[in-house]
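Q: Quick one: this structure, given as structure tokens, is what I'll be asking you about.
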Amino acid sequence: MSSVAVLTQESFAEHRSGLVPQQIKVATLNSEEENDPPTYKDAFPPLPEKAACLESAQEPAGAWSNKIRPIKASVITQVFHVPLEERKYKDMNQFGEGEQAKICLEIMQRTGAHLELSLAKDQGLSIMVSGKLDAVMKARKDIVARLQTQASATVPIPKEHHRFVIGKNGEKLQDLELKTATKIQIPRPDDPSNQIKITGTKEGIEKARHEVLLISAEQDKRAVERLEVEKAFHPFIAGPYNRLVGEIMQETGTRINIPPPSVNRTEIVFTGEKEQLAQAVARIKKIYEEKKKKTTTIAVEVKKSQHKYVIGPKGNSLQEILERTGVSVEIPPSDSISETVILRGEPEKLGQALTEVYAKANSFTVSSVSAPSWLHRFIIGKKGQNLAKITQQMPKVHIEFTEGEDKITLEGPTEDVNVAQEQIEGMVKDLINRMDYVEINIDHKFHRHLIGKSGANINRIKDQYKVSVRIPPDSEKSNLIRIEGDPQGVQQAKRELLELASRMENERTKDLIIEQRFHRTIIGQKGERIREIRDKFPEVIINFPDPAQKSDIVQLRGPKNEVEKCTKYMQKMVADLVENSYSISVPIFKQFHKNIIGKGGANIKKIREESNTKIDLPAENSNSETIIITGKRANCEAARSRILSIQKDLANIAEVEVSIPAKLHNSLIGTKGRLIRSIMEECGGVHIHFPVEGSGSDTVVIRGPSSDVEKAKKQLLHLAEEKQTKSFTVDIRAKPEYHKFLIGKGGGKIRKVRDSTGARIIFPAAEDKDQDLITIIGKEDAVREAQKELEALIQNLENVVEDYMLVDPKHHRHFVIRRGQVLREIAEEYGGVMVSFPRSGTQSDKVTLKGAKDCVEAAKKRIQEIIEDLEAQVTVECAIPQKFHRSVMGPKGSRIQQITRDYNVQIKFPDREENPVHSVEPSIQENGDEAGEGREAKETDPGSPRRCDIIIISGRKEKCEAAKEALEALVPVTIEVEVPFDLHRYIIGQKGSGIRKMMDEFEVNIHVPAPELQSDTIAITGLAANLDRAKAGLLDRVKELQAEQEDRALRSFKLSVTVDPKYHPKIIGRKGAVITQIRLEHEVNIQFPDKDDGNQPQDQITITGYEKNTEAARDAILKIVGELEQMVSEDVPLDHRVHARIIGARGKAIRKIMDEFKVDIRFPQSGAPDPNCVTVTGLPENVEEAIDHILNLEEEYLADVVDSEALQVYMKPPAHEESRAPSKGFVVRDAPWTSNSSEKAPDMSSSEEFPSFGAQVAPKTLPWGPKR
């Protein structure tokens, strides 16, 4: 590509304006030269000659290709073809195509490759896969496995070659499977089989088989050989630093494995090509034989501790000796006690090697420095700083500190060790001179207090005295604390720690019980009050419990005397709080509350301050009249008197005191104040105030309007008199087990006593503590009579007798079954009488009864009644279809249980029939006769009930009949109700909520027919008693829905209004404000035409709602249109430079003008033909006023603009510019087209004059771009 730039005079001047003044000056001096246009050759230099091109073309492309690495395409595409006979999904009509597509989609999602399928003419399947290389390979494997029919084949190769097919970590096998799109199964190592199974397409199997056989053939060329070589000669074969064996391996391409010195094996293993392996073995054998002949050994003793110096780091010293002298040094294993070192080599070199061994052994030394163990960490320094100074200078010296030992061990080169030892000894001497330590015993329970919160105490001591304090961890339970550092600091720290400890020993902890309700008050707002207490007792720590714990215990800890003082102070505070928490309620008529508060709360504030109480008034919107006063008792009473006096002064409020005995107060108040409240409400809302319970006062105060007070007084005195005459009370005692007998069945006995005497008899409730106490209340004579009767009954009950009766043994079981339930009921009902039946198995009919005489007689009578019931028992069958049984039983059998209790019968339901279909059974012979007669009758009577429908009722005949009627009454009945089909879905309700509600309310089942039936009836099933209610409820619902339908029809009245589309935005208003107002005001929906819908008339506005509302909305719209039609629009020229100022920030200024003059002002958009044209719309008089206003603003703002522009001229003077002449463009001299020579213009079609780049120069084809 080439680009052409045309340099005009304007652009040249613009370029020059950016030059620095110096450049401009030079440009001006040389203007004459610059005026001359450049020559064509200067402006367009010619291309290199042909020869140069040829030379450069002849160069190899290596320069380019060597520098740039090949760029591989990141996305590749491969096409696979699956022949018809190998396709897995051939028949497209049997969901094959769908399954095939589904599989392809799965493969794309899993691999990230893109698949495209197409069918060839031969019905073969072509699959194009695009994506990254690994994704394409995985997708290909999946396609073959899932879309192509699979075949399998086995390849036998030697077992030892299997591991080469698998490769390292199975990588080779995975690669092979991806390449060939097959599944290759290799037998496990413990399986003797040598068969490798390949599964895939025919083509894939062939490829995989070929690859496996290739790997095996490769391994056949390789061989493994083991050579026994004495362990002592291994170093000679390996050579110094394994160089010799490395050279042999490189030259022969054979892998040689020499066992390491630590492994006691002698064989050397060779692996590689047979010929090269033979060469390597021969060379090793030669070295071995040669060394065996020439070498000899000497043994020397070297200290065990010096062996490691002879070996050197990673055995480097041994390799160094071997390299220099050719002698191998054998060191005994570290676990051996031997100190003998053997040197093996040629005799003349052994001397030199021995010298080196001793030099290595003695090159390092071990030394120790005596230093107290407590100084070790000071020698090491913070983060090892002190020690680092020594080790940096002498890196080969190893310094070791042993915990608990008073020495430091140094190890390394002798010279370095000596220097390091001197330095450490100097450090130790210096530390001993200027440091000291002391150990003190403090009970470990105080250690955490010495440390303080987050180590605050101990860190302060450390920093203050420049010492180190070592406190043992809690787990050690040790009392010993060690202080180390400057001698003076150590003594000071010791003194402070002991003082702290002694202070803690004198400390005590005390638990103070304070009700949790006072905790917040004691703490105060933002902890102000508790801060005062802590400032008063700074040495005492006060801990309040967590509010969530609901605990009353406040813990004080500190010096004994201070804790005692703090305890007394807090107890006094709590006593004051308790005293001040007395509370009384004052009922004040609601209309006087504002007078009690006073202007700006002046009255109530004055009462609070003078009485020192807290006064809470009910909220204004509350119905409560009660004012609550809290504080000291005397203060509360004073505040109450003042509030009542205000009320008395304000209105005609009378106050009367009535004397009523204190013992009658509770009975007059009634349960939860119901009785007294009813009198207060009945008498015009008077206030009746009873004295505090336990005060002993008889005075009751009635307060209110005088007429109402008198009425309340009369009622109260009448009620008190009535209570007094009837309030004679006597308490008698009787054992709780007698109570039921005294009450009698269904309360019959006690009712008889009440009716005969007129007294009220109260038995204790289950929760009462005194269960023996029976209270008789009423007039004195009635109470005495009732007492006499009850005491006679109790006396009879206390006379215990023993009696017996005869009961047929066949009835015994009825009394004792269900763990003696019947006997327990008799005992409870008849004063705890004991009934004993003979043991089962004995044929005795004697039953013993023991208890009070009356109880025994009553129990005998009851047992006799039960026996008579049992003897008179009959069984009645009640036929009810089995489908209704569950409904008859009721939830958890509640209905049946009720019937059995009411009629004293037993009811048994049949077992559910598994197969309700009647089957004809063959006749069965019984005692030689055919039982065909009965069966024949049964079969011929289709009306007879099924066995599974019959419910059996047992009991007295009349009770069984009554129970049968009750059961039949429980059989559900179905009725049909006419309900229009279109209302069914509304009756059902959302998710069936409507119908479910009706079913629950009326206890029936409502069945709505399926929608496809379009039936107008709804079936109601349930008890006859509930059906009428349910039907009425359903019909009421139908009426409601029909009324809603009618209302919906009325609401859907539509009205269209024709309005010019230009007025639509005005009717809608800013952010829809105007139209929303109309919608809400008239409760209608207003629809504007869709601008994008060409078929819809654009001037029609649709209003939907009630007819009357739509007409009102239409009138409102037409009124707006009428106003808009009266409006005029005028264009006014307004300088664009002042537009922004008139509009203002975020349009505030222009909005203010539009609101003030009730006009609409539109400014031109950027790029408008006339940027000064502003349109003002509104009523004519408003438009005129608005235009005058904005023109005035323009005049004012333009003056500012002109001043600003004039100032800018002086602030930024124009750059030096030459007078601009008409642009000549870019001019050159001696151009080919301007020459007068007779040369004709070049022929563009000629390859000689316009040669193509590199076309003639191709003696040798060289690829363009990087080498492959």
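Here the Cβ of each residue, glycine as well, is placed from N, Cα and C on the backbone.
Okay, these came from Swiss-Prot:
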- 1233-1249: compositional bias 'Polar residues' (COMPBIAS)
- 435-497: domain 'KH 5' (DOMAIN)
- 581-643: domain 'KH 7' (DOMAIN)
- 1127-1190: domain 'KH 14' (DOMAIN)
- S2: N-acetylserine (MOD_RES)
- S11: phosphoserine (MOD_RES)
- S31: phosphoserine (MOD_RES)
- S317: phosphoserine (MOD_RES)
- S645: phosphoserine (MOD_RES)
- K991: N6-acetyllysine (MOD_RES)
- S1247: phosphoserine (MOD_RES)
- S1252: phosphoserine (MOD_RES)
- 910-947: region 'Disordered' (REGION)
- 1213-1268: region 'Disordered' (REGION)
Q: Within 10 Å of its Cβ, which one of these modified residues (S317, S645) has the largest number of other Cβ atoms?
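A: Output for this query is S317.
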Q: Find the average pLDDT over the domain 'KH 5' (435-497) in the predicted model and report it.
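A: Averaging the confidence scores along the domain 'KH 5' (435-497) gives 83.
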Q: Would you count the other C-beta atoms found within 10 angstroms of the C-beta of K991 (N6-acetyllysine) for me?
A: 7
Q: What three-state class does DSSP give S645 (phosphoserine)?
A: helix
Q: How many Å separate the Cα atoms of K991 (N6-acetyllysine) and S645 (phosphoserine)?
A: 64
Q: Tell me the residue counts in helix, strand and coil for the domain 'KH 5' (435-497), as DSSP assigns them.
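A: Going through the domain 'KH 5' (435-497) residue by residue, I get 35 helix, 16 strand, 12 coil.
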Q: How many whole Å apart are the CA atoms of S317 (phosphoserine) and S645 (phosphoserine)?
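A: Here the two Cα atoms lie 115 Å apart.
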Q: Can you count helix, strand and coil residues in the domain 'KH 14' (1127-1190) using DSSP?
A: 32 helix, 15 strand, 17 coil
